[in-house]
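Okay, so here's the structure we're looking at.
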Amino acid sequence: MSNSQTVALSTQALVAGYDPDLPIVRGVDFSIRSGELVIVLGPNGAGKSTFVKAIAGLVPIHSGATILGDFDITAVPTHEKIRHGLAFVPQTENIFATMSIHDNLLLAANVLPKEKRSRRVADLYAMFPDLAARPSLRAGQLSGGQRQMLAVARALIVEPSVLILDEPSAGLSPKIVQEVFAHLKAINETGVTIILVEQNVKAALAIADRAAILVEGQLRHEGPAATLAEDPIVAELYLGARHAGKAVTS
Amino acid sequence: MNPQLIMDGLIAGAMIGLGAIGITLTYSILRFANFAHGEMISWGAYLALATSGLLGSLSGALLKPIGPFSFGWSLPLAVFAAVALTAALALFVDALLFGPLRKRRSAIIIMVMASFGASLALRSLLEFIFTSKPVYFSKALQIALPLGGGLRATPDQLLSLTIAALLVVAVHILLTHTAIGRSMRAVSENLQLAGVAGIDVRKVIRTVWVLGAGLACIAGVMAGLLVQIRPYMGFDLLLPLFAAAILGGIGSVPGAMLAGLIVGLAEALGVQLIGAEWRAAVAFMILVFVLLLRPQGLFGRAE
């Protein structure tokens, strides 16, 4: 859904990592337009997760900038970013497993004005009927797919302008992955800009507008998802040299 | 065996339980064993004593005992001020010591050692200001009322038990039914995710200090009212406090209170069966057995 030319989020020469002397993300210039769904690909250790965690405020940024809309959020504390419209779903431990489904949603709704909280929780239950069926169930008892749905619901409750997900398909069966991605596509079609870090290339390219490929902490290649899916360079950069020359098929 | 040990154990256990709630909250949310928590009990008692004395000097009528109790209105009024002052002291220690260490991402052992240092400094300061001579909220003698079954308790003791029970219920409701309580549980479970979910972790940490110190102050006032006030009163409670926090399961408020009562009863039983000099050993034995047999405690979750 790249129906707008407005930049929803961009990074400018972003350098980030836990150790300032050994940055993992090394000068990444990246941008995503409003309503787009962009998949971030790359081989293991390319810095994909670090890149999105740095945007979310979970990894120190050493230089460069992160701009959300027109607002520089580089130095904004992690807990404030969601108020500016940036929601992040980590790869693992992305729900509060000891709390009920309802408490997970109420907790996320706390950042909203009081009068909006109940309505948004009801909206999310309508969007994810599986969660509405057992609101008092402890979140730790949910299946892998349901956990991802709860994590996404938690992130969506604030009606973010940009939603970042770090490998939402990790550990899920192919059937559940299809369900999760179908939900993400539907969310994207409501106008939410989505950045998706994924290892499940085929499924992710099928729903993405564009793909960006990170290699060794640098943005090496980007382009429309449809053409990248057939591009041998994706196979070379993403799958490694032994797959060079083959298009992405898995 | 004298059935009065049940009442003695419950009263001691209520004080231990209130103190253990602070320990368990600090441990689960700030992730270190705060050995300075006992000092909040002592400081709370002394601050209430000083404020009560000040109020009494302003109006003698405030010292006149209320109904069957041994204290006048100066004490309940002083408790409000003492809770606020003890909470302010805890926030001050955090800003001065623990906060900068957290910022540097110091190891847990450094936080624990820092809490030992804070404990020593706070206790020495208390001794310097108030001397080590025991003092009392009231020297009025109270007659213990027969409760049936061979049990007796003074009105002050019954009031302390009631207040402890009400406070546990209140803290439990706070944690389970309010936004700040949910935030505290979230930070306790996953600090990073809590930040991503929009929770201001610093605000939660401040709340934990205020809540823990407030409860410690009330435990200190109860201890002062029922026994005596000494600079070492909190330090002496430290072992039973940790035994109760671990027995109850780290992070569990009802668990801490129930375990406090168990430790109090076990101590009272130990005193009657093997002698008062073994009181501390009872808490120590409980601590060792829990760590060996059920490290997650009664209400904790296995890792």
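Cβ coordinates come from backbone N, Cα and C, glycine included.
TrEMBL: automatically predicted annotations, no manual curation.
Listed in TrEMBL:
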TRANSMEM  B:6-30  transmembrane segment
TRANSMEM  B:42-63  transmembrane segment
TRANSMEM  B:75-99  transmembrane segment
TRANSMEM  B:106-126  transmembrane segment
TRANSMEM  B:158-175  transmembrane segment
TRANSMEM  B:208-229  transmembrane segment
TRANSMEM  B:241-266  transmembrane segment
TRANSMEM  B:278-297  transmembrane segment
Considering pairs 6 or more residues apart, do the transmembrane segment (B:75-99) and the transmembrane segment (B:208-229) have at least three CB pairs under 8 Å? yes
For the transmembrane segment (B:158-175), out of B:6-30, B:42-63, B:106-126, B:241-266, B:278-297, most C-beta pairs under 8 A are with B:6-30
Same chain only, please: residues at least 6 beyond the ends of the transmembrane segment (B:6-30) with a C-beta under 8 Å from a C-beta of the stretch. Say none if there are none. 37-38, 40-41, 98, 102, 111, 147, 151-153, 157, 160-161, 164-165, 167-168, 171, 184, 187-188, 204-205, 208-209, 211-213, 215-216, 218-219, 222-223, 226, 234, 237, 240-242, 244-245, 248-253, 255-269, 271
Folded-back contacts onto the transmembrane segment (B:208-229), same chain, C-beta under 8 angstroms, at least six residues removed: 11, 14-16, 18-19, 21-23, 25-26, 29-30, 37, 40-49, 70-71, 75, 79, 82-83, 86-87, 89-91, 94, 134-138, 156-157, 160, 163-164, 167, 171, 174, 184, 237
